[in-house]
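J.: The structure's right below; bear with me while I get my questions together.
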Amino acid sequence: MSVLDIAKGMGITLSKLFQKPVTVSYPEERATLQPRFRGRHVLTRHPAQRPGELGLEKCIGCSLCAAACPAYAIYVEAAENDPQHPTSPGERYAKVYEINMLRCIFCGLCEEACPTGAVVLGNEFEMADFRYRDLVYGKEDMLVGVDGSLPQRREAARSGKPVRVGFKVPEGARPELEGVEYPT
Amino acid sequence: MKVTVDGIQVDLPAGTSAIDAVFHAGRDVPYFCAHAYLSPVGACRMCLVEAGTPRKGKDGEFELDEATGQPRVFWMPKPMASCTMQATEGMHIRTARTSDVVAKAQAGMMEFTLLNHPLDCPTCDKGGACELQDRAFEYGYGASRYGFDRRHADKHYALSDFIILDQERCIHCKRCVRYFEEVPGQEVLDFIERGGHTFIDTEEGGLPVGFQGNIADICPVGALLDNVARFRGRNWEYDHTPTTCTLCPVGCSITVDARNGRLERVVAGENRDVNELWICDAGRFGHVFATEERLTVPLVRVGGELREATWDQAVEAMRQGFLGHGGNVGLYLNADSTLEEGAALVALAEAIGTASLDHWPRYAHTPMSTATLTDVATADAVVVLGADLGEEAPVVELRILEALRGGLLPPEFAHGTAIADLRLTERPSRTPEKLAVIGRESRLWGHAGIRVAASGPDALTRLARPDTPELQAALRLLEGAGKPVLILGADVLNGADAAFSAALGSLAGRVGAKVLALPAGANSRGLGGLNLVPGAGGMPYARLDGVGAAFISRLDPAAQGLPGRARGFTVVHDTHLTATAGLADVVLPAVTGYEKRGTTINLEGRLLPLTQAPLRAGEGADLIRALAAVAEALGIRPPVRGLRGAQTWLEGRYGLRLAELPAGGLLQPPRPAQDAATGTAHTPNLWKPRMVPHPERRGSGVLGREARTELWELPMAPAPRPGGDD
């Protein structure tokens, strides 16, 4: 190897020093995601009947997502709607809806199986946590309107600052993700 | 009789329906209204086939095809409903597999059936086990050409506390109507209105309790649903365990559907010799006790109160408690325990040398039973003596009604029970004059031609020497019949003794009747055969306060008003914290009849297998293992330590081979049971206190989010550290 070769190599290094970096300094900077990125599930709602109210949940607790799940990550337990204060349209709603995010392989088959379009794979991916049971997400963690993942909300509750997600979706969330907004 | 189905020739007995010919030939036809144990009516029109028969000429011979020399087949001009058509000699049948006409007709019928069906399969409890769903997939077009609005009706119409009717889903197959008319003989349901407005309803306001749950099983769609299991799980999520019901001595075949360790549903299984396809409401809906308020850990009395303990601590407490009692230990078990559990108890009693062992409920003396349930169903005269079958053995009532209907046992084919037995007719005529009921008023009275109010064991002597015209008529009925059956219930058996048996034997011998003495408990007949009764000087169950120390398995004498404690030390082995368990010194958790492996003997002496359903029972142990713990506490080597050991013990002593039983059970010759005084009378009661379902009490068993977010802070980080975890 000659001195010339070393100088060539150093020249490349030097030229890259003045170019815009391709890396993103996540998490200070937001990572850019495509809308079709498959992340944490969102349980969507129907549009509200009256402004200011929450719409009915689309999920009817039919367990077809659990049947389609190749990783056996979903557990659904249904119950009967109170006719005066229904949770979902029809007779049946999901009383328990849990997805074990450690088991989930984010394949999207649950979304395909869902007859009402209730479970949709969102774009959130920052779910790293310490305890197994904190990675079993319930309805409280997945219904539309819940910001961030469980560790992010825990951090926000501790620091008193709003939840900050570490990604952006320049094209906006998919239309299937009814009511979900991500930073653009 | 030779019938050709799609070119396959099959040989069938005369009278077979075309649908059975098709299935016997291994071909398939969709059907909704036909049902193995109900009359064929041809309501749904799905089982269309093309059929043709040879025709006989003037000479009485088949007209021959000139080209082939074979009988010429004259095809019927249009597809025929195969369930109501009788197959005849030389008939040719074409199914959808070989005939496009049939395929089109069936797909068209399916389109009509689905015209008003709401297609809310995701919310329907029948989804995944629905005949309509499967058949629409197999035989339908896959899409409807009708775009107009569907019929709208009440989707949540409670026919009773147990059965919910969804009128939109009903496809008018009439199975439920025919079931009530033909099986329990109750005319309660019917079609109301006509055409597309037809709906099922009852005028009476509610369904009669007893056998109403069966309509949820036979409904081919999700119109009639089990309200106790409503929305508890989807059909593919349940763990299905075929087993035997141990609530009464009939021993019906059931399938236990459990999910997540909770018993959610019981459906009937088929056993042609025992319950056919029908079970009682207690067996179907009275299962909630298996998942509610279960005792899951041993309890030991410390300082006057019962505290949770480990099995090791419980064994230690028992060892302390049994000290000084020596062989003065009483062992008592519920009569719904399995034969293997009874064997373990007898073996332990022999090892201790105690004569105080007993099962409950039982009678002091039980006459020999010779009749089987098939004998009951085919009898030409039935006399019921002092039995309230609704409380003692409900399904026997259905078999008696079957006898009144003509006692037709369904034929068997390559595909199993005949799907459409053409001998069965809609709204069958019954012969109440063939049934005499002597005893207190019960549900069976309405069906009996001869009713005599009587009570106590002298009913038999009154029947043998009749003093009233009704009793004379009952005796004449027995004398005039060819295959009479005499059914004895608790009212006469409570006071029975050897003299009673002799009187019964002479009466039965004189009239040629078979006898069916209903045992008091689910396996009383089996446990009595093991001589699991107090020996000389032993204390019966009702006198368990006479023994120094007692082990009581799944019995609640305190709630019955009997002494709930032995004189010195009491161990209770139960699934719930009963009144007796509350008095005990040590309480061991038990398992219910749904969670046992073993064998039981039903009222006709049939060995029936029990299988273990996957229910959450905590540290609950069956009686064999609990007795092993007791033996350990007593300082002796347990003679029987497991199921296999108990079966070896039974084979060695009684020659019973229980390891591989056929699914339908195995009839055993009757074995005389030893007589032993009980000290108290048995009152039959089918619905026990914890069996009644409370919808609001049926929680999910899943930890709520509140419980999980209580520990919002991580245990590994007790104080918040600034700057996060990195």
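Cβ coordinates come from backbone N, Cα and C, glycine included.
As annotated in TrEMBL:
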DOMAIN    A:50-79  domain '4Fe-4S ferredoxin-type'
BINDING   A:C59, A:C62, A:C65, A:C114  [4Fe-4S] cluster 1 binding site
BINDING   A:C69, A:C104, A:C107, A:C110  [4Fe-4S] cluster 2 binding site
DOMAIN    A:95-124  domain '4Fe-4S ferredoxin-type'
J.: Whole-number answer please: how many Å between the C-alpha atoms of A:C59 ([4Fe-4S] cluster 1 binding site) and A:C69 ([4Fe-4S] cluster 2 binding site)?
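T.: On Cα coordinates alone, these residues lie 16 Å apart.
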J.: Using Cβ atoms only, which residues of the same chain lie under 8 Å from A:C62 ([4Fe-4S] cluster 1 binding site) while being at least 6 residues apart in sequence?
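T.: Same-chain residues close to A:C62 ([4Fe-4S] cluster 1 binding site) (Cβ under 8 Å, separated by 6 or more) are A:V76, A:A78, A:R92, A:P115.
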J.: Any idea what DSSP makes of A:C114 ([4Fe-4S] cluster 1 binding site), helix, strand or coil?
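T.: For A:C114 ([4Fe-4S] cluster 1 binding site) - judged by DSSP and reduced to three states - the answer is coil.
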J.: Around the [4Fe-4S] cluster 2 site (A:C69, A:C104, A:C107, A:C110), what further same-chain residues have their C-beta within 8 angstroms of the site's C-beta centre?
T.: A:C65, A:A68, A:P70, A:A71, A:A73, A:I74, A:I99, A:I105, A:F106, A:G108, A:L109
J.: Work out how many Å separate A:C104 ([4Fe-4S] cluster 2 binding site) and A:C114 ([4Fe-4S] cluster 1 binding site) at their Cα atoms, rounded off.
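T.: That separation, Cα to Cα, works out to 16 Å.
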J.: Secondary structure at A:C107 ([4Fe-4S] cluster 2 binding site) (DSSP, helix/strand/coil)?
T.: coil
J.: Name the residue among the binding-site residues A:C107, A:C110, A:C114 whose Cβ has the smallest number of other Cβ atoms within 10 Å.
T.: A:C107
J.: Taking Cβ atoms only, which of the binding-site residues A:C62, A:C65, A:C69 fall under 8 Å from chain B?
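T.: In terms of proximity to chain B, the binding-site residues that count are A:C62, given in sequence order.
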J.: Using Cα coordinates, what distance in whole Å links A:C65 ([4Fe-4S] cluster 1 binding site) and A:C110 ([4Fe-4S] cluster 2 binding site)?
T.: 4
J.: Within 10 Å of the Cβ of A:C69 ([4Fe-4S] cluster 2 binding site), how many other Cβ atoms can you find? Include all protein chains, please.
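T.: For A:C69 ([4Fe-4S] cluster 2 binding site), the count of other Cβ atoms within 10 Å is 21.
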J.: In the predicted model, what is the mean pLDDT computed over the domain '4Fe-4S ferredoxin-type' (A:95-124)?
T.: 95
J.: Please work out the helix, strand and coil residue numbers for the domain '4Fe-4S ferredoxin-type' (A:50-79) from the DSSP assignment.
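T.: Final tally across the stretch: 5 helix, 7 strand, 18 coil.
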J.: What is the interatomic distance between the Cα atoms of A:C107 ([4Fe-4S] cluster 2 binding site) and A:C114 ([4Fe-4S] cluster 1 binding site), given in whole Å?
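T.: Their Cα atoms are separated by 14 Å.
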J.: Between A:C69 ([4Fe-4S] cluster 2 binding site) and A:C114 ([4Fe-4S] cluster 1 binding site), what is the CA-CA distance rounded to a whole number of Å?
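T.: About 11 Å separate the Cα atoms of these two residues.
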J.: Ranking the binding-site residues A:C59, A:C104 by other Cβ atoms within 10 Å, which is at the bottom?
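T.: It is A:C104 that, of the binding-site residues A:C59, A:C104, has the fewest other Cβ atoms within 10 Å.
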